[in-house]
Amino acid sequence: MEPAEDLQKVFDKAFAGMREAREAFAPSLAPREVGTITSIATGIAKVSGLPGVGFDELVKFPGDLFGIAFNVDEAEIGVVLLGEYWHLHAGDEVDRTGRVMDVAVGDGLLGRVIDPLGRPLDGRGPVASSHRLPIERPASPIMDRAPVTVPLQTGLKVIDALIPVGRGQRELILGDRQTGKTAIAIDTILNQQGQNVLCVYCAIGQRASAVAKVVATLREKGAMDFTTVVVTEGNDPPGLAYIAPYAATSIAEHFMEAGRDVLIVYDDLTQHARAYRELSLLLRRPPGREAFPGDIFYIHSRLLERATHLRQERGGGSLTALPIIETQAQNISAYIPTNLISITDGQIYLSPSLFELGVLPAVDVGKSVSRVGGKAQRTAYRAVAGDLKLAYAQFEELETFARFGARLDENTTKIIEHGRRIRACLKQPESAPVSVAAQIAVLLALSAELFDGVELNQMTEAEQAVRAAAADMPAEVRARFDSADKLSDEDREAIIQIARVALASFQPAPEPETAPKTKTDIKPKPKAAGGESS
């Protein structure tokens, strides 16, 4: 065979292979929809040329920056930017993604500090997660929900006894600036240690120093092991502040749908409402009351309706929400506070006047309520909570009259003195949750008026003595705290006796009885000088 023929066969074979590969290759041509930035403002961009984009669709900008299509008009699209946008310019290209905003979920987020996009902020590397959920999800239908029947212990005596919270409830915390709203939420998270409850703390528009303090407290107390922290700082774009609570709720819902109990704290929704107002005004949406857009109620209702208690057929998990709201000059009838009060299942109001008096937590029992938590409250609490709340309400009413200097009868004075000791017992330092057994021992001692003989300046030490003595409570009595059984009279008397012994050293010593005078003890009156007149 000639060398030329061999070479020809080699070429023929090679070309035949190329033809087969070319015929087997089917190029997948997909249309790419590209738009153009027309203008940029604070936290938003106007984009033209994306006719197929959908509402809430994620769009991609240069530099791996994403945004959400918020206004969808024929002429242009208003996009909320989810990150730093200083590098963007008019004329830059914008791509559709065909998907909505989602966030990483799963056990890999426990113990981590992330932003609403799922990016780590704690310097511990990427978040380990293989599953993602959209940040906007429909709330569970009514047929999938179960009544709130299990208590969520906060570790705070005034709340667990008088304003109980149940798993699956939405309880609003509201008050003026610097009255301890965040402290109540953090104490509640700390008390979930050992309770098989996972926690999500969502900081919206907070100072970096305040968030760092919260994270340090959670780490110090060992609570970060079961907590995820979602953070947007005050200098972040408003778009991140807007999506933060929705992303945090999706993280919590993943655990709830797996049959677990979850607590989520929104700190605070005032900043969320302001961020949404800023975005709406920039996007030229019509303003309403206090310049908020007309759907401000809807953005909070659709968020908080996702908190619920699922039926056992759906896993039996629960999501308890503690939204925080800030009031101005104690005005709880303002627009956003009244919206949240009507959406939630109750509220805990913190009074600046109580805070100034040193009553911490500064819970105003008269203005606070729990609409569904009472059904979930432990039976042991119910035996004393009703009488205690009535006595405290009577005290607050009478104390107002006592300030005017009115003369009070003995019964009124007794009610006021008893109420002052109730208020002193309900005081509690920050980051110091109290166990159920210790709380019930203190409450029973209050109902039995064992503290009434204790001086007010000794109430803190006396209350601590009762809590310490509660550790000696019989195990069978402790077991009944977690059951639906009522405390028997013998159990109540045993607990009261433990408290009575603990308070013995704080009671005033009885005054010695004086013997009655006899006739021999009576001395005759001395005669006047000069004797009797004749």
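Every residue gets a Cβ built from N, Cα and C, even glycine.
Some features that Swiss-Prot has for this protein:
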BINDING   G175, D176, R177, Q178, T179, G180, K181, T182  ATP binding site
SITE      S368  site 'Required for activity'
REGION    506-534  region 'Disordered'
COMPBIAS  514-524  compositional bias 'Basic and acidic residues'
If you skip the near sequence neighbours and keep only those at least six away, which residues in the chain come within under 8 angstroms of S368 (site 'Required for activity'), Cβ to Cβ?
L162, I163, G346, Q347, I348, Y349
Enter the number of other CB atoms within 10 angstroms of the CB of T179 (ATP binding site).
27
Can you tell which of Q178, T182 has the most other C-beta atoms within 10 Å, given these are the binding-site residues?
T182
Around the ATP site formed by G175, D176, R177, Q178, T179, G180, K181, T182, which additional residues qualify by having Cβ within 8 Å of the site's Cβ center?
E326, L350, P352, F355
Listed binding-site residues (R177, K181), ranked by Cβ neighbours within 10 Å, top entry:
K181
Fewest Cβ neighbours within 10 Å, where candidates are the binding-site residues G175, G180:
G180
Using a 10 Å cut-off, grab the number of neighbouring Cβ atoms around the Cβ of D176 (ATP binding site), all chains included.
18
Based on DSSP, name the secondary structure state of G175 (ATP binding site): helix, strand or coil.
strand
